[in-house]
Amino acid sequence: SLPVGASLDSPDPVLERVPAKDPHNSSQGEERKFLAHQPILLDKLSNSFRREVVNRSFSMKAANRNDEDLENGMSEKDTEKSVRSNKAVTVHNKALLSGVAYCISSCSMILVNKYVLSSYDFNGGISLMLYQNFVSVVVVSSLRLFGIISTEPLTWRLVRVWLPINVIFVGMLITSMFSLKYINVAMVTVLKNVANVITAAGEMYLFNTTHDSRVWTALFLMIISAITGGITDLSFHAIGYTWQIINCFLTASYSLTLRRVMDTAKQVTKSGNLDEFSMVLLNNTLSMPLGILLILLFNEVDYLSRTPLLHLPTFWLVTTFSGFLGLAISFTSMWFLHQTSATTYSLVGSLNKIPLSLAGIFLFHVSTSPENSASIFFGLLAGVFFARAKMQDKSQTRS
């Protein structure tokens, strides 16, 4: 006989073994055994019930999440789109940050160079460029020595690939020094718009890039503003304007060829990559022997031996600060060009001429005529119009 409440398919083996000796004792013993194992049965039932409740709870939560996602219009595709948009925002932020850093460093560099060349009446433009590059090499090498940054080793293959772009880089820096010696900052900013015209024409010839009518209209306005600004300039200097025109050609050549040289240089490095610090160290290191050669050719050694400026601590302080700015503009220009294109690099350079021109006029007390001021303002507006036209041209090309 089975005790009351036991089932025929009971899984408990204790309940299956029923003795057949004394019915009365057997019945009492079975009842005691049943009562003894009753907590085990309750625990099993309780555990089974808990698992069922937990499983249903997780199922309900998952269903609620799915319902909430459907109510919010979110699906797997929407999630993937959200991730892509976050990546796009990150890339856009990097381009914006590099552009702002480039504008600040380039404006500061021009103002400090103008202060050294004009306020101190320093005639050693090549020597100033060489010292600035020397400061950059010392800073980058120190950061690498302390393990803060890592740079690619300077191999002969890398130097041979980078040497042509370095010659353009040195020429761009030296012609900028020579033009700043004779031209005020506001007119330099307007004349630099010519580099945008040369860059746009170079992109058409080298990369088969097409520009719409608004871009060419803006470029035409830049040329007109540069011509009218030069005619109405009260402190017109033919030598300074000549150096500035040469600087425009070198600037356009540098921005057009840098990206291609960067891609070629990466193939001859050991790691297959060439970061900004490696390029800065490479550019400034290679400029040292070329700068020394140019100092000898232009006979600046004789001038340096006679000038009393080298005995002034304030002069060394300002020139050393300009060296740090030279490092900043080298790093930010390469960083910004890596994030964008050569045309964007040039047009953002034209946009930062607005605060630079105003600062140059007020800081150095430049005397201008109403006609010259109107030409400068006209040139700055042409730069803004060029920037907007170029951005609209790019958006239409992508769409």
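Numbering starts at 1 and runs along the chain as displayed.
Any Cβ shown, glycine's included, is placed from N, Cα and C.
TrEMBL labels come from automatic prediction, so no person has curated them.
As the structure is a computational prediction, the values presented were derived from the model and not from experiment.
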Practice item. For the transmembrane segment entry in TrEMBL, name the matching range from 48-66, 238-256. Key: 238-256
Practice item. When you get a sec, could you say which of 183-205, 344-366 is annotated transmembrane segment by TrEMBL? Key: 344-366
Practice item. State the non-local partners of the transmembrane segment (95-117) in its own chain: residues 6+ outside its ends, Cβ under 8 Å from one of its Cβ atoms. Key: 125, 128, 176-177, 180-181, 185, 188, 315, 318-319, 321-322, 325-326, 328-329, 332-333, 335-336, 338-340, 348-349, 351-352, 355-356, 359-360, 363-364
Check your understanding: Are there three or more C-beta pairs under 8 angstroms joining the transmembrane segment (314-337) and the transmembrane segment (129-149), sequence spacing 6 or more?
Key -> yes
Exercise for review: For the transmembrane segment (277-298), could you work out the same-chain residues 6 or more beyond its ends whose Cβ comes under 8 Å from its Cβ atoms?
Suggested key: 124, 126-127, 129-130, 133-134, 136-137, 140-141, 143-144, 149-152, 154, 158-159, 162-163, 165-167, 169-170, 173-174, 262, 265, 269, 326-327, 330-331, 334
**Study point:** Distant-in-sequence neighbours of the transmembrane segment (238-256), which means Cβ under 8 A and at least six residues beyond its ends
**Key:** 165, 168-169, 171-172, 175-176, 178-179, 181-183, 188, 191-192, 194-196, 198-199, 202-203, 206, 230, 337, 342, 345-346
